[in-house]
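Among the features that TrEMBL reports, region 'Disordered' is placed at 144-182. Annotation source TrEMBL lists compositional bias 'Low complexity' at 160-172. As annotated by TrEMBL, compositional bias 'Polar residues' applies to 173-182. Annotation source TrEMBL lists region 'Leucine repeat I (LRI)' at 183-243. Feature annotation from TrEMBL assigns region 'VHIID' to 262-327. Here TrEMBL flags 293-297 as motif 'VHIID'. Annotation comment: TrEMBL describes 343-375 as region 'Leucine repeat II (LRII)'. Residues or ranges marked as region 'SAW' by TrEMBL: 481-555.
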Amino acid sequence: MSLVRSAEPATASCRNTNLYSIQDSSDSTGMAIRMFGSDKHKPVYVMDSYSSESYEKYFLDSPTDELIHSSSSGISGSWVRLQDVSSCQIRDYSEIQSPDTLDSDSDKMKLKLKELERALLADNDVDGDDDMFGTGLSMEVDGEWSDPIRMGSHHDSPKESSSSGSYLDSVSGNKEVSHVSSQTPKQMLIECAAILSEGHIEKASAIINELRQKVSIQGDPPQRIAAYMVEGLAARMAASGKSLYKALRCKEPPSSDRLAAMQILFEVCPCFKFGFMAANGAIIEAFKGEKRVHIIDFDISQGSQYITLIQTIAKLPGKPPHLRLTGVDDPESVQRLNGGLEIVGLRLEKLAEILGVPFEFRAVPSRTSLVAPSMLDCKPGEALIVNFAFLLHHMPDESVSTINQRDQLLRMVKSMNPKLVTVVEQDVNTNTSPFFPRFIEAYSYYSAVFDSLDATLPRESQDRMNVERQCLARDIVNIIACEGEERIERYEVAGKWRARMIMAGFKSCPMSSNVIDTIQKLIKEYCDRYKLKEDVGALHFGWEDKSLIVASAWS
């Protein structure tokens with residue numbers, strides 16, 4: 001039985017395909033394979049019961065009017081108090097300090113070095129990596145959005161308050177905010193974000209209350225994304241984004257017969273799966289001529305990527321090389337099977353034994369920022385491969401702290417002299433952009449994701465709602481509602497990752513034609529609205545003309 005339930009697609013050209021079935025699997029593969037599609041063991045998903053009339057119930061920390069207007073509501077960190085909305089300015093760490101406020105020459109030098117680094121990684125990606133076909137800005141500003149954006153405070157700096165030329169100045173005195181009732185949810189969202197960026201809490205609150213009456217988590221894609229984005233805006237006003245982000249996580253860890261919502265997302269929105277396949281393809285290419293290979297994965301999660309990798313290794317001609325896999329994962333994460341990394345390792349070891357692949361698994365339960373080379377047990381004579389799949393965007397960079405864990409990790413890996421490093425990330429900038437343009441960028445990106453789900457699963461599907469809530473909504477809320485260290489989902493476009501990898505000393509390793517051809521054929525079989533583009537050695541996977549996932553390889 002396919003992992004994804006049979007559904008009538010929105011377009012005739014799209015159909016459900018179980019991507020885990022790409023690799024042939026016989027009954028001899030046992031339990032390790034059955035969780036991904038056996039008739040004997042149907043996967044039971046993590047589900048919650050809710051309806052379109054009560055979608056706010058699972059936003060456990062959804063702000064109420066009392067929270068929004070309470071005089072005791074304070075906003076900590078990079079937020080200002082609600083009582084002082086006229087000076088609402090969200091600033092990055094680097095803009096809080098100036099040379100005059102630094103205490104020592106050392107501090108001034110650190111600031112200068114950080115300014116240089118930020119200049120090298122400027123927000124404006126001249127290569128246009130976030131626009132898949134070079135058609136313009138990744139925000140895809142159309143007629144519905146263009147006027148508010150031109151009138152809004154769309155500055156290069158996070159300072160978004162303005163005494164003149166603001167968005168609100170464009171609304172004439174005889175027009176009340178209630179005029180938004182005739183607008184679409186998309187138009188209302190952008191107006192609310194523009195108003196909120198200028199600190200006008202009460203007016204934004206009025207639009208939010210009206211939006212909540214027009215959206216549904218079981219509606220069409222614009223209604224569904226609006227339902228989550230409006231709660232992100234409300235959480236931003238109430239400074240409850242951090243709590244809401246945590247509340248939207250899975251209620252419990254997935255067990256041996258239950259798959260996490262993230263795993264379902266990889267099935268029903270295959271751009272994510274294509275990213276894993278590209279990384280695996282590059283890894284297999286690096287196996288050539290090697291007798292022993294050591295792969296280090298800094299976010300192994302449930303180990304799903306390595307099921308297909310082990311299956312592929314088993315089919316290679318000749319004797320397969322000895323594979324040693326070191327899995328690093330945060331022991332506090334719930335996106336993992338009960339039992340943690342040990343269960344993941346046992347499952348992979350059983351699969352490898354059945355398929356005749358020499359295999360060892362070693363668990364390193366640690367936060368990525370605390371990992372040192374000595375913890376990874378690298379041995380002479382092994383080809384070292386490092387896999388970064390949807391991990392690096394969680395590492396704080398120079399815009400959050402002078403420690404810059406993101407580049408620090410890359411430099412540490414480079415010092416270990418790996419044969420190959422693979423990077424898979426979402427192709428969108430939610431890292432250094434100030435709130436208003438970040439909101440627009442997030443809407444454009446996640447609209448494409450929601451649209452792609454509409455072509456794969458029916459709107460009333462419980463699996464689809466679980467995926468949208470536990471995976472997509474969490475990201476959306478964190479991107480919109482949080483600032484500073486509380487903003488965890490800090491994605492960057494392909495050009496930024498390329499710059500970081502080059503600065504760390506890596507050289508690009510373009511994907512082989514064999515890898516590209518294989519994925520291209522699969523995309524055509526799956527749905528003709530999914531696209532693949534190769535650019536500067538990286539593979540971009542997108543929905544129609546929007547790049548969603550980028551995969552690259554480095555040495």
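Including glycine, each Cβ sits where the backbone N, Cα and C put it.
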Best-contacting stretch, by C-beta pairs under 8 Å, relative to the region 'Leucine repeat I (LRI)' (183-243) and drawn from 262-327, 343-375, 481-555:
481-555
Number of helical, extended and coil residues in the region 'Leucine repeat I (LRI)' (183-243), per DSSP
46 helix, 0 strand, 15 coil
For the motif 'VHIID' (293-297), the number of residues DSSP places in helix, strand and coil
0 helix, 5 strand, 0 coil
